[in-house]
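J.: OK, TrEMBL features for this one:
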- 17-41: transmembrane segment (TRANSMEM)
- 87-509: domain 'Major facilitator superfamily (MFS) profile' (DOMAIN)
- 171-191: transmembrane segment (TRANSMEM)
- 197-216: transmembrane segment (TRANSMEM)
- 228-249: transmembrane segment (TRANSMEM)
- 255-276: transmembrane segment (TRANSMEM)
- 335-355: transmembrane segment (TRANSMEM)
- 367-389: transmembrane segment (TRANSMEM)
- 396-415: transmembrane segment (TRANSMEM)
- 421-444: transmembrane segment (TRANSMEM)
- 456-478: transmembrane segment (TRANSMEM)
- 484-504: transmembrane segment (TRANSMEM)
Amino acid sequence: MGDYDEDTAFLGQTGPYYWTTFFLLNMVFVSTGFNGLYIVFVGATPKHHCLIPDVNLTEEWRNAIIPITAVGGEEVQSQCSRYKLDVVRNLSAEGYIPRKDVNLTSLEQEGCLDGWNYSKEIYQSNIVTEWDLVCSNQWKVPFASSTLFVGYLFGSLISGQFSDRFGRKKVVFISLAAQCVAVLLQSFSYSWRMFCIMFLFVGASQISIYISAFVLGTELLSKTMRVVFTALGAFLFYCIGYMTLPWIAYGIREWRTLLAVLSMTSVIYLPLWWFIPESPRWLITQGRVKEAEVIVRDAARKNKVEAPPVIFKETLSLPPERKYTMLDVVKSKNIRCITLMCLILWMAINIGYFGLSLNTSNLSGNPFMNCFLSAAAEVPAYIVSTWLLKKCKRKALLSTFLIIGGGVILLIQFIPATLHYVALALEMTGKFGFTMAFSIVYIYTAEIYPTVLRNVGMGMCSSAARIGSIIAPYVIYLGTYNKVVPYILMGSLTIASCVVNFFLPETLNKDLPETVEQMQEYHGRKVKN
């Protein structure tokens with residue numbers, strides 16, 4: 001195929017067509033921010049204790065029946081046990097007074113046999129209060145979170161193949177419709193199992209939207225607009241949706257209504273079908289050159305330029321290129337080592353990023369404001385990383401922000417509980433560091449791999465990232481046993497990945513390698529099989 005950029009150079013680098021396409025595609029990313037992390041609110045655990053049935057108890061015994069336990073140096077009511085109801089009822093009937101006539105620590109305890117009483121101070125209802133996902137069932141909340149990321153894994157594996165076969169535009173809008181239906185059905189879940197199954201489809205459709213829209217924008221836009229779109233636009237508009245989510249959740253405290261409203265946000269994008277074109281590049285690869293010309297001529301009309309009589313030159317029959325697979329990544333010792341280090345980096349960064357994102361509901365203070373601040377911390381990170389990547393060495397840049405992200409997380413455990421604003425500031429600094437690392441590692445990895453292995457290498461790293469995001473909810477779940485454990489794990493893993501990063505090659509101002517041999521040469525290594 002001829003050079004598409006050369007054939008369409010008459011359109012210019014900017015213009016109404018490119019700017020309209022840029023904003024319409026970026027608007028699609030807002031929906032992924034809406035629907036990405038609502039589990040932060042839907043799966044939050046409110047304050048709770050055992051439900052005391054309406055039995056004949058004195059006021060003193062009704063107030064004393066819940067044991068007091070020490071959590072983090074603070075005395076709170078037990079969430080999973082009560083003093084045995086029959087014993088307390090007998091003591092109350094006999095006129096004994098708790099703590100005066102009876103030593104409460106000597107009384108036998110039992111579980112919450114009659115259910116739980118949940119605080120409605122923040123949430124009217126969510127999946128935790130509806131299906132009692134506390135105490136022995138507490139593990140079901142991180143499991144539900146993980147199903148979203150398992151959906152991400154499946155979606156990232158299949159969306160590319162569907163996009164290559166059926167077209168970028170079709171996959172974007174089919175995925176938007178699927179996301180709308182999946183979230184809506186999830187709002188009607190009659191059990192925790194159904195909620196998890198639907199969350200799997202939510203994750204698969206959401207990542208399909210993101211990947212397909214990202215590819216479509218890359219192929220539709222000019223070189224100048226493409227850089228802004230891939231390095232900044234898509235991420236920032238995702239953040240806009242992410243920052244809007246807590247305010248929607250603040251206004252709607254009932255989880256089924258919240259999900260129903262969020263599902264409807266996908267519907268408003270469906271009319272964009274008539275305004276966003278298919279990728280002419282993809283159409284040409286499918287032999288549909290006339291359809292591609294129609295799109296390009298319409299772009300010329302909108303940009304007020306004249307299109308040549310023949311836009312796409314004759315294509316030449318090229319010999320089929322060799323198809324590379326994952327096996328080619330592991331054949332060479334050097335590429336195998338580089339890939340292993342990249343996999344560790346991607347997994348560690350995703351555990352930290354999603355770990356901190358999911359942990360916002362557990363922080364001190366208002367969970368809605370905490371979520372907003374967590375999202376807002378990403379905006380300067382994407383802007384700064386885009387600017388720094390033009391000038392700074394990749395390895396030093398990535399190491400710096402890994403140390404910032406992991407270092408401040410390790411410091412949080414030393415902050416006294418009374419200084420929760422300091423702990424919150426450190427957590428937001430950590431989120432900034434992880435977001436910087438998140439955006440840098442994408443470009444860094446793409447520059448390391450040669451063209452013939454770039455898709456394969458990035459696909460493997462993306463799979464490692466998905467595994468990291470699946471693990472993240474369980475890392476946060478460990479905080480139910482000890483609040484500092486998640487921070488120690490995430491911080492230590494991040495610092496360890498920083499050490500790994502020192503052994504990767506530098507790529508700043510180096511040509512992108514096209515072949516495996518060029519990759520070995522550019523990175524100062526000899527080919528070793």
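Glycine too: its Cβ is placed from the backbone N, Cα and C atoms.
What TrEMBL says about a protein is an automatic prediction, not a curated fact.
Note that this is a predicted model, so its numbers are computed, not measured.
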J.: How about the transmembrane segment (17-41) with the transmembrane segment (367-389) - do they touch, taking at least 3 C-beta pairs under 8 Å (6 or more apart in sequence) as contact?
T.: yes
J.: Among the recorded stretches 197-216, 255-276, 367-389, 396-415, 456-478, which has the greatest number of Cβ pairs closer than 8 Å to the transmembrane segment (421-444)?
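T.: Ranked by Cβ pairs under 8 Å, first place goes to 396-415.
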J.: Are the transmembrane segment (335-355) and the transmembrane segment (456-478) near each other by the rule of at least 3 C-beta pairs under 8 angstroms (pairs 6 or more apart)?
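T.: Yes, the transmembrane segment (456-478) and the transmembrane segment (335-355) are in contact.
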J.: Tell me, please, if the transmembrane segment (335-355) and the transmembrane segment (197-216) are in contact, taking contact as 3+ Cβ pairs under 8 Å between residues separated by 6 or more positions?
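T.: Taking Cβ pairs at least 6 residues apart, the transmembrane segment (197-216) and the transmembrane segment (335-355) are not in contact, as fewer than 3 fall under 8 Å.
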J.: Which range out of 228-249, 367-389, 396-415 gives the transmembrane segment (484-504) the most CB pairs under 8 Å?
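T.: Per the Cβ count, the answer is 396-415.
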J.: Cβ under 8 Å, sequence separation of at least 6 from the ends of the transmembrane segment (396-415): give me the contacting residues as numbers and ranges.
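T.: Contacts with the transmembrane segment (396-415): 345, 348-349, 352, 356, 388-389, 422-423, 426-427, 429-434, 436-437, 440-441, 444, 483-484, 487-488, 490-495, 497-498, 501-502.
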J.: Could you tell me the mean pLDDT over the domain 'Major facilitator superfamily (MFS) profile' (87-509), as a whole number?
T.: 85
